[in-house]
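Notes for the one structure printed next.
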Ligand code: CP
Ligand code: NVA
């Protein structure tokens, strides 16, 4: 079972695999835009398991799988035995006997790892408390579409040291760019967790107490909700702690003149980002959301078929 290729965190793939995936996603997107069929996963089934809410992840995986000629099964905690304490290992054994691929959105990373360890088919992380690799894959694809290679560039992360921040760090380590991290005190990234206990590439990230300093010279400014799913009980204290971590016009002005703004969405205007930024000319959030589908089509195809010619 260990020979199965899963996508549980960004560091599961090499830089060379990302080069292939990003190129393949561009081809897949081009065909989609030209109404050209791309049926590489006919008769394949994707199981999607959601233990948390979703709009983009569900639509992008579901529409993407249909566009590849396959089909999907949608499960949630509430409408499956997952919500009635069936062990995750047993769920993995059963679901992976009837489907070809599984996408899971859940809480702890250890849960998806346990599922993968007992799965006969590849498992994709559709977001855990710790990581959100599909989103960062889409973000990097979006950056490249707008500005070319991300190697050597600076990405400013303003906000929570959460699943998105952890995944940006893994990507920076692998793909040769730098993350400027600015998080409120008490909400820092856990580097040990982000890098799996390994020593990251020197210079792949730098920590700033002041979010404005972190944005200086950045090629991309990005943020996320102050309160991620699963942390709702901390909402009030987080609102106070994060008050100065709102991406505004001053922060964008401190960045490069052609800096992009990204947010994985859903967004809260007036909290982590001002409306004039997310709805302004430097924002590429709608491309970012759409690109989830294109990169995930490339990812699903790769996990099931390996590298494809042309
Ligand atoms: N960005 C993202 O994963 O969105 P959803 O929570 O809507 O899936
Ligand atoms: N950090 C957010 C991302 C939502 C797509 C969360 O985990 O809720």
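Backbone N, Cα and C atoms are what each Cβ position is placed from, and that goes for glycine too.
All annotation found in TrEMBL is predicted automatically rather than curated by experts.
Database features (TrEMBL):
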- 5-145: domain 'Aspartate/ornithine carbamoyltransferase carbamoyl-P binding' (DOMAIN)
- 54, 55, 56, 57, 81, 105, 132, 133, 134, 135, 264, 265, 292: carbamoyl phosphate binding site (BINDING)
- 152-303: domain 'Aspartate/ornithine carbamoyltransferase Asp/Orn-binding' (DOMAIN)
- 163, 224, 228, 229: L-ornithine binding site (BINDING)
Original post:
Which binding-site residues, if any, among 56, 163, 264 have a Cβ under 6 Å from ligand 1, given in order along the chain?
Top reply: 56, 264
**OP:** Taking a cut-off of under 6 Å between Cβ and any atom of ligand 2, tell me which of the binding-site residues 134, 163, 228, 229, 264 pass.
**Re:** 163, 228, 229, 264
Subject >> Rounded Cα-Cα span from residue 224 (L-ornithine binding site) to residue 264 (carbamoyl phosphate binding site), Å >> reply: 7
Original post:
Taking all residues of the domain 'Aspartate/ornithine carbamoyltransferase carbamoyl-P binding' (5-145) together, what is their mean pLDDT?
Top reply: 98
Subject >> Those binding-site residues, out of 163, 228, 229, that come within 10 angstroms of residue 132 (carbamoyl phosphate binding site) at the Cα >> reply: 163
**OP:** List the Cα distance (Å, whole number) between residue 228 (L-ornithine binding site) and residue 81 (carbamoyl phosphate binding site).
**Re:** 25
**OP:** For the domain 'Aspartate/ornithine carbamoyltransferase carbamoyl-P binding' (5-145), give the DSSP counts of helix residues, strand residues and coil residues.
**Re:** 71 helix, 21 strand, 49 coil
Original post:
Across the record's carbamoyl phosphate-binding residues 54, 55, 56, 57, 81, 105, 132, 133, 134, 135, 264, 265, 292, the largest CA-CA distance in angstrom?
Top reply: 30
**OP:** Out of 163, 224, 229, point to the one nearest residue 54 (carbamoyl phosphate binding site) in space (Cα versus Cα); all of them are binding-site residues in the record.
**Re:** 229
**OP:** Would you work out the biggest C-alpha to C-alpha distance among 163, 224, 228, 229, the residues that bind L-ornithine according to the record, and give it in angstrom as a whole number?
**Re:** 12
